Amino acid sequence: MLEGAKSIGAGAATIASAGAAIGIGNVLSSSIHSMARNPSLAKQLFGYAILGFALTEAIASFAPMMAFLISFVFQVP
């Protein structure tokens, strides 16, 4: 019973990867729209876009970590 719950928890933790992909798409979309509206700020907006990508990928890196914690650290007594 507990092994099944661990598998479900680890699978649910990896759903954050899909959320990160959606977040990266939103960052890229907003960057393209803002650069099309005001090309003179393209250099500054690119820095903000890179920061957005980095923060979104940081969230994505927590998903496998949590999945491994659920799978291997929480052992059945």
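Using N, Cα and C of the backbone, Cβ positions are placed for all residues, glycine too.
TrEMBL entries are annotated by machine, without manual review.
Quantities reported herein were computed from a predicted structural model and do not represent experimental measurements.
Listed in TrEMBL:
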{"type": "DOMAIN", "residues": "8-70", "note": "domain 'V-ATPase proteolipid subunit C-like'"}
{"type": "TRANSMEM", "residues": "12-33", "note": "transmembrane segment"}
{"type": "TRANSMEM", "residues": "45-74", "note": "transmembrane segment"}
Number of helical, extended and coil residues in the domain 'V-ATPase proteolipid subunit C-like' (8-70), per DSSP: 60 helix, 0 strand, 3 coil
For the domain 'V-ATPase proteolipid subunit C-like' (8-70), mean pLDDT (0 to 100): 87
